[in-house]
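Enquirer: Take a look at the following structure, please.
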């Protein structure tokens with residue numbers, strides 16, 4: 001009775017194949033260190049496609065765009081958003097947005113117009129491709145792909161800033177790609193294009209991008225709020241994280257907003273509150289399952305990419321294809337150079353030449369272009385576009401993906417630091433943040449530290465009270481880190497067997513060597529002491545910051561507690577002017 | 001663009017609704033302690049069905065049997081199999097099988113024939129229902145439902161033996177139900193029934209049941225074998241547990257074997273090896289996700305059950321419906337009484353009258369009957385059967401499900417012990433097992449301890465070597481328990497803050513108060529000591545058992561090490577005869 005179970009059976013088998021392929025690669029330790037996993041998976045896909053083609057004598061099934069956008073992409077983007085290092089992301093937000101918006105537009109028009117120039121050469125037999133069709137094609141081929149970037153950059157461990165620049169761009173350019181792609185598509189179907197339509201397109205970009213973020217944040221906050229009430233049914237806590245983020249993606253898709261932006265915003269928004277609300281085991285499950293899901297999705301995407309490459313739906317016009325690859329490389333390199341020139345003029349911490357090279361070279365294309373090209377409306381040269389997209393993807397993933405690691409080694413690009421920051425470092429970073437926020441406050445400059453501080457204030461004053469459970473309220477991240485380290489330490493002790501059955505009391509270590517006979521008293525004392533220390537840690541730095549700006553001529557130290565913050569700022573601004 | 005995302009969007013919304021309903025109930029603490037969750041969920045479903053019916057003015061969609069059997073049932077059965085307490089299950093295997101096989105057949109024929117009797121009463125207008133149709137109906141209504149049993153029995157905490165008797169029966173009767181249902185269905189379509197067909201049906205039962213178990217064990221062993229090689233990619237470990245068990249279910253379904261038996265066998269078979277192979281975090285994820293999935297599936301099933309009840313596909317012939325309920329109760333009670341009478345004659349640890357009452361009363365019907373009745377071939381009285389099934393399910397879930405807890409309190413049925421067994425108890429249980437195995441060995445009785453010991457020997461000699469990773473080999477369950485306790489202890493210490501940053505060394509506590517200055521030396525010593533202790537724990541009991549039977553007249557103590565075990569048994573048998 002195979003017919004009956006066919007759908008779930010075949011899905012399960014595909015996933016199984018993908019997982020087994022992954023295991024297979026890792027059994028041979030040498031292979032993954034030379035060739036990126038994405039290449040290997042595409043290769044497996046190519047072989048499978050060849051086998052299917054050989055046996056059936058017809059093209060193997062191409063990856064359905066619906067399956068890709070509805071089921072395979074969301075887990076990867078969710079994983080990316082949830083584990084996004086928020087500090088470097090927000091610090092480099094301006095640069096990332098510049099690359100994502102201006103850079104992508106630059107690439108689209110650059111590639112589109114140059115390809116149109118190529119089409120004018122009579123010898124290439126391409127005169128029937130209009131400028132609009134070229135622009136439509138370039139709008140889908142220009143965007144850097146988050147899946148491809150993630151899979152390659154995770155293996156080469158470049159420094160955090162470089163990573164976030166490339167990866168952030170690949171995520172945020174989704175809005176631009178969606179708008180441009182849909183714009184040119186509708187232009188292709190219109191008889192005449194008016195100036196109004198072009199302006200509407202520009203306006204639409206903001207709607208699509210910001211709308212996506214808004215939808216995501218709404219769902220993220222709802223998710224955080226929901227997890228406030230799951231105390232009695234811990235087992236379904238992880239579910240909400242997945243359900244709400246998926247709903248945010250789907251809702252954004254319904255309204256033609258950027259689903260990727262929505263799910264990233266949802267994940268980043270809820271992470272902090274969900275993490276505090278749900279139990280430790282639930283959180284392990286969430287993290288683990290997210291990684292697992294995205295890893296399987298990624299594997300499936302690359303395998304399908306390989307399978308879909310085989311077949312007869314290509315038109316091999318080599319001049320067009322070759323020039324596409326060349327223009328993709330040139331325009332990206334130019335774009336990065338020009339944009340970085342402007343970025344470096346406004347930043348102290350500049351982007352070096354090496355970094356620029358890696359940013360330009362890391363502009364990999366992947367499955368998103370591939371799915372979009374199949375969604376193109378049918379016209380005479382669609383097969384040429386499919387062929388060109390396939391070649392660009394394979395070129396970037398194989399050639400660039402395989403050479404980027406040796407290049408990073410060769411150029412001695414700054415790597416990621418291996419060790420996690422110590423508690424001391426964390427305290428210092430935090431202290432500097434507060435200091436800089438204070439300086440910005442006094443100097444009247446509304447910089448990132450100023451906004452960060454305001455956001456933090458809003459968060460601790462309103463959001464936390466609404467979204468967190470009662471007993472979770474006051475813990476600062478340093479206390480959390482301390483608890484985590486403590487827990488890790490305890491596990492290590494237990495695993496190496498150094499844990500005695502009577503706990504080591506601080507009195508064993510310090511000068512106070514009095515042995516307490518009453519065990520209970522000992523515990524109680526210790527607990528109190530620890531809570532006290534945590535209190536100090538959690539409150540003090542914030543209190544310093546809050547009372548800090550009070551030391552000015554106009555107010556007395558005692559008054560500041562009751563002073564309204566907005567008023568305080570007004571006075572500062574006034575002084576400044 | 002709602003059309004495009006409709007399917008995943010609606011699925012996500014349904015799951016969301018189910019989860020939110022669950023949270024809602026738990027917010028009011030009083031409600032779940034009086035009314036079982038299943039009743040509340042059916043109630044929610046009834047309201048929703050009513051709303052849909054009111055707005056659309058047509059019957060709300062009934063639960064698709066395919067969705068139920070392919071997507072909702074497997075997670076619940078997997079969860080049940082994976083967390084099945086294997087010791088009480090195997091100890092009471094005989095009784096469970098008797099209830100599941102003989103009991104179910106008894107119920108089917110009892111209910112079917114009595115209902116046929118009712119049909120002969122002219123006043124009820126039921127003469128057109130043949131004996132075969134009655135038997136077909138009784139074959140689906142007779143079987144106890146694992147989902148309903150699980151959801152009610154998890155809340156009332158009866159003792160382990162009673163729980164496993166009812167729950168084990170509900171799982172294992174699947175094979176009987178499948179065979180009888182399909183048998184009567186094909187008989188209904190045949191013009192004449194020969195004796196051969198009946199015998200084929202009896203033979204088929206063994207094929208379906210044992211075939212399912214075989215398929216499950218095969219996939220379980222493959223899963224265990226696969227997890228040997230996942231050391232480098234920990235994140236996809238949990239996936240294999242789910243993929244292989246689901247594949248076992250689907251494969252069994254393809255060959256018309258018992259899918260439930262397959263997935264239970266797969267889960268029970270792989271649990272031990274998978275647990276040892278995968279990382280601690282992976283295992284937390286597996287356990288958590290299994291619980292989560294099954295909990296959501298269960299919720300959805302009960303809600304759908306409620307929704308599907310509303311509508312116009314019922315024929316309300318009250319005499320038939322009422323007699324169905326009455327016969328279900330009577331025949332189950334009779335069956336339990338008669339079978340327990342025989343069981344008690346052969347067992348020392350008898351089933352008390354109270355237990356018998358709870359077993360009979362706990363025979364709840366649920367979604368499996370409901371899905372099967374919709375799968376019936378169309379004939380004139382199908383709607384009557386649907387109505388009767390609905391009433392029986394609602395009666396058992398509401399009336400029996402709500403009154404069973406007060407009854408358990410009233411009868412003072414022995415409850416489950418709350419605390420986990422201590423290490424001391426574990427050692428004693430294990431020691432007694434070995435002792436009994438030895439006694440059975442010497443007396444030549446091939447009882448359960450004998451077979452258990454043989455299985456354990458086969459496991460440690462062959463299976464473990466094949467299925468476990470290298471370094472995992474020798475650990476006994478006591479050592480594992482010890483490690484678990486140790487880890488828990490460390491976590492508690494870390495959480496209460498009693499963990500000093502220098503570990504407590506035994507030398508602080510014992511007589512040996514020499515302070516070692518070299519920290520590394522200290523660690524090394526301690527580690528060695530612990531490993532030594534673990535070695536002793538792991539090896540000793542088994543070694544005693546293995547060398548035990550050697551002290552007989554025919555062999556000298558030194559020889560036994562090289563003696564073949566099979567030969568040893570032969571000699572013992574020979575002596576006995």
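Glycine too: its Cβ is placed from the backbone N, Cα and C atoms.
No curator has checked TrEMBL annotations; they are predicted automatically.
The transmembrane segment annotation in TrEMBL covers B:7-28, B:34-55, B:67-84, B:96-119, B:131-152, B:164-184, B:205-226, B:246-267, B:288-306, B:318-346, B:358-379, B:385-408. Taken from TrEMBL, the feature domain 'Cation/H+ exchanger transmembrane' applies to B:16-408. For B:528-577, the entry in TrEMBL reads domain 'Sodium/hydrogen exchanger regulatory region'.
I'd like to know what surrounds each of these features in this structure.
Expert: Through the fold, the transmembrane segment (B:7-28) approaches residues 37, 40-41, 44, 295-296, 299-300, 303 of its own chain, all at least 6 residues removed from its boundaries and within a Cβ separation under 8 Å.
With a threshold of 8 Å between CB atoms, the same-chain residues lying at least 6 positions outside the transmembrane segment (B:96-119) that come near it are 89, 126-127, 129-131, 134-135, 137-139, 141-143, 164-165, 168-169, 171-173, 176-177, 180, 205, 319-320, 323-324, 327-328, 331-332, 334-336, 338-339, 342-343, 359.
Within its own chain, the transmembrane segment (B:205-226) is flanked in space by residues 101, 172, 175-176, 178-179, 240-241, 244-245, 247-248, 251-252, 255-270, 272-274, 277, 463, 466-468, which lie at least six positions past its ends and keep a Cβ under 8 Å from the stretch.
Below 8 angstroms of C-beta separation, residues 14-15, 17-19, 21-22, 37-38, 41-49, 63, 68, 71-73, 75-76, 78-80, 82-83, 147, 150-151, 238, 241-242, 366-367, 370, 393 of the same chain, each at least six residues beyond the ends of the transmembrane segment (B:288-306), sit close to that stretch.
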Enquirer: Near the transmembrane segment (B:358-379), which same-chain residues lie under 8 Å Cβ to Cβ, leaving out any that are not at least 6 residues past its ends?
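Expert: For the transmembrane segment (B:358-379), the nonlocal Cβ contacts are 62-63, 65, 68-69, 72-73, 99, 133, 136-137, 140-141, 143-149, 152-153, 158, 162, 165-166, 177, 181, 185, 188-189, 301-302, 304-305, 308, 328, 332-333, 335-337, 340, 351, 385-386, 389-390, 392-393, 396-397, 400-401, 404, 407-408, 411, 413.
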Enquirer: Can you find at least 3 Cβ pairs under 8 Å between the transmembrane segment (B:34-55) and the transmembrane segment (B:131-152), where each pair is 6 or more residues apart in sequence?
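Expert: Result for the transmembrane segment (B:34-55) with the transmembrane segment (B:131-152) is yes.
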Enquirer: Should anything in the same chain at least six residues away from the transmembrane segment (B:67-84) have a Cβ under 8 Å from its Cβ atoms, list it; otherwise answer none.
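Expert: Sequence-remote neighbours of the transmembrane segment (B:67-84) are 146-147, 150, 167, 171, 242, 245-246, 249-250, 253, 259-260, 263-268, 271, 287, 290-291, 293-294, 296-298, 300-301, 304, 367-368, 371.
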Enquirer: How about long-range neighbours of the transmembrane segment (B:246-267): same chain, 6 or more residues beyond its ends, C-beta under 8 Å?
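Expert: Contacts with the transmembrane segment (B:246-267): 69-70, 73-74, 77-78, 80-82, 84, 146, 171-172, 174-175, 178, 182, 207-209, 211-220, 223.
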